[in-house]
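Worksheet for the structure shown next.
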Amino acid sequence: MLLLWLSVFAASALAAPDRGAGGRRRGAAGGWPGAPNVVLVVSDSFDGRLTFYPGSQAVKLPFINLMKAHGTSFLNAYTNSPICCPSRAAMWSGLFTHLTESWNNFKGLDPNYTTWMDIMEKHGYRTQKFGKLDYTSGHHSISNRVEAWTRDVAFLLRQEGRPMINLIPKKTKVRVMEGDWKNTDRAVNWLRKEASNSTQPFVLYLGLNLPHPYPSPSSGENFGSSTFHTSLYWLKKVSYDAIKIPKWSPLSEMHPVDYYSSYTKNCTGKFTKKEIKNIRAFYYAMCAETDAMLGEIILALRQLDLLQNTIVIYTSDHGELAMEHRQFYKMSMYEASAHIPLLMMGPGIKANQQVSNVVSLVDIYPTMLDIAGAPLPQNLSGYSLLPLSSEMFWNEHKLKNLHPPWILSEFHGCNVNASTYMLRTNQWKYIAYSDGTSVLPQLFDLFSDPDELTNIATKFPEVTYSLDQKLRSIINYPKVSASVHQYNKEQFIKWKQSVGQNYSNVIANLRWHQDWLKEPRKYESAINQWLKTPH
């Protein structure tokens with residue numbers, strides 16, 4: 001039934017728009033004549049490589065495939081910080097993480113920060129938000145904060161439970177992530193009751209929590225674990241035979257930051273191939289459920305005759321490692337964590353186009369303003385994606401000059417014991433750490449080594465040096481790292497003073513309690529030594 005509907009859909013709702021009504025750019029700042037509506041759907045933890053071959057073979061994603069066929073897909077889109085709040089802060093501000101000082105899941109934008117949605121509202125758009133936002137300061141657990149603040153301390157503590165899977169008993173259950181479905185329903189109802197009757201163009205944002213792993217409510221050995229949770233209905237969308245078992249480096253050969261991450265994520269123990277494959281299968285099933293919610297929005301737009309004048313954008317805050325590089329979650333510059341989906345469909349957007357240029361989430365802000373015809377602030381880190389996706393600009397030579405040939409991503413939060421900076425160009429991925437000297441950098445040739453298994457930084461010193469110089473021209477990363485060190489220490493001292501002398505007992509009840517309770521005096525001593533050490 002879905003295939004039949006998609007064929008009808010392709011012939012009608014997404015027919016090429018009249019070039020007189022759309023598809024033209026207005027001035028240098030841009031803007032579509034006729035002020036199209038915009039719908040932005042942002043999921044959590046979606047590996048962008050699933051939206052194109054060969055990753056797309058592992059799971060059925062019909063509505064993402066629909067957007068690919070009738071719109072533009074960006075093959076090399078990246079998060080600007082592979083963790084929820086800092087990534088979303090970059091998307092809503094159009095600025096790199098270090099410019100807004102969105103250092104961790106607790107430290108994001110000021111609640112009164114002017115976002116692209118605020119500007120679109122001032123330019124005549126009716127605006128609405130549903131679901132997960134998570135770009136302002138003050139959220140997330142004490143565990144998450146303390147773990148981020150103390151990452152400079154010289155100890156190793158498991159901060160996560162071992163990743164798990166859970167198949168719900170009801171085989172036919174479709175709405176597994178009920179909270180996301182409720183927000184999707186709210187968005188659809190708003191389209192029907194408000195947007196369809198509005199004389200203004202509208203911009204609708206829907207934030208989904210899927211396919212982020214679920215927190216485990218269990219206690220005991222797996223307390224605090226993350227659970228990949230789904231039903232048989234969604235597992236049937238996964239091609240089990242197409243699931244790739246990732247290669248792992250021996251623990252003794254891992255990069256020191258990778259080892260720290262793997263240890264704190266409780267992934268240094270033994271995992272069978274079946275365990276790994278099941279975790280990945282359940283994750284892909286959660287991606288299929290995410291795709292269905294995106295589909296509900298597209299279906300509603302079609303049914304309300306809004307689709308022909310609505311630009312639909314789908315992306316995610318970051319990816320999910322799903323046991324690649326012996327890790328789950330994100331917090332890494334490896335492809336599974338940093339590579340995100342980014343698809344655009346609608347009036348003036350070229351159909352069935354794949355753009356290989358590197359782009360990132362800071363590009364959402366100028367893109368939104370460009371659609372609205374609003375002037376672009378000069379201080380933005382991002383660039384409008386309209387020239388890359390427009391029917392009028394499809395020229396290989398011009399495309400190279402429409403966006404810088406690099407993107408920047410940085411990470412300063414928990415589960416990683418050094419500030420991390422990634423410069424991605426067409427062929428290379430360069431990853432620098434901390435002050436640039438105390439931790440060895442990494443260099444990967446993504447053309448010959450897409451799985452990022454061989455660090456060639458010392459083998460190609462000229463390339464490494466050149467990329468490091470380029471990175472330093474964009475961001476003074478040793479200085480930023482020092483600022484984060486100081487921030488972490490100041491925040492921990494404030495928190496420690498707020499809980500009094502029993503702070504050790506408080507820590508003993510956080511996620512890392514199992515390790516802390518074995519040798520509390522040892523870890524208290526390590527913290528005291530860290531607090532005394534000047535940076």
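Cβ atoms here come from the backbone N, Cα and C positions, even for glycine.
Under the DSSP three-state reduction, Asp44 (Ca(2+) binding site) is assigned to coil, being neither helix nor strand. Spatially close to Asp44 (Ca(2+) binding site) yet at least six residues away along the chain are Cys84, Lys132, Gly207, Leu208, Asn209, Leu210, Pro211, His212, Ser316, Asp317, His318, judged by Cβ distances under 8 angstroms. Look at Swiss-Prot and you will find Asp44, Cys84, Asp317, His318 tagged as Ca(2+) binding site, backed by similarity to another entry.
Annotation comment: Swiss-Prot describes Cys84 as 3-oxoalanine (Cys), evidence class similarity to another entry.
Annotation source Swiss-Prot lists active site, nucleophile at Cys84, citing similarity to another entry. Neighbour count (other Cβ atoms within 10 Å of the Cβ, all protein chains): 26 for Cys84 (Ca(2+) binding site). In this structure, Cys84 (Ca(2+) binding site) is part of a helix by DSSP.
DSSP assigns Asn112 (N-linked glycosylation site) to coil in the three-state reduction, placing it in neither a helix nor a strand. The 10 Å shell around the Cβ of Asn112 (N-linked glycosylation site) contains 7 further Cβ atoms across the protein chains shown. Among the features that Swiss-Prot reports, N-linked glycosylation site is placed at Asn112 (among others), with the record citing sequence analysis.
Here the Cβ of Lys132 (substrate binding site) has 22 other Cβ atoms within 10 Å, regardless of which shown protein chain they belong to. Residues or ranges marked as substrate binding site in Swiss-Prot: Lys132, His255.
DSSP assigns Asn197 (N-linked glycosylation site) to a helical segment in the three-state reduction. The N-linked glycosylation site annotation in Swiss-Prot covers Asn197 (among others).
Here Swiss-Prot flags Asn266 (among others) as N-linked glycosylation site, drawing on sequence analysis. Under the DSSP three-state reduction, Asn266 (N-linked glycosylation site) is assigned to coil, being neither helix nor strand.
Residues annotated as N-linked glycosylation site in Swiss-Prot, with sequence analysis given as evidence: Asn379 (among others). According to DSSP, Asn379 (N-linked glycosylation site) sits in a coil region rather than a helix or strand. Sequence-distant neighbours of Asn379 (N-linked glycosylation site) (same chain, 6+ residues apart, CB-CB distance under 8 A): Leu95.
Classification of Asn417 (N-linked glycosylation site) by DSSP places it in coil, neither helical nor stranded. The N-linked glycosylation site feature in Swiss-Prot is assigned to Asn417 (among others); the stated evidence is sequence analysis.
Asn502 (N-linked glycosylation site) falls within a helical segment according to DSSP. Residues or ranges marked as N-linked glycosylation site by Swiss-Prot: Asn502 (among others).
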Cα separation, Asn417 (N-linked glycosylation site) to Asn266 (N-linked glycosylation site) (Å, whole number): 15
Shell of the Ca(2+) site beyond Asp44, Cys84, Asp317, His318, same chain only (C-beta within 8 angstroms of their C-beta centre): Ser45, Thr79, Pro82, Ile83, Ser87, Arg88, Asp134, His212, Ser316, Lys330
Nonlocal residues around Asn417 (N-linked glycosylation site), in sequence order (Cβ under 8 Å, 6 or more apart): Arg151, Asp152, Val257, Tyr260
Chain-internal residues near His255 (substrate binding site), provided their CB is under 8 angstroms and they sit 6+ positions away: Leu440, Gln442, Asn455
Rounded Cα-Cα span from Asn197 (N-linked glycosylation site) to Asn112 (N-linked glycosylation site), Å: 30
Inter-residue C-alpha distance, Asn197 (N-linked glycosylation site) and Asn502 (N-linked glycosylation site) (nearest angstrom): 58
Listed glycosylation sites (Asn197, Asn266, Asn502), ranked by Cβ neighbours within 10 Å, top entry: Asn266
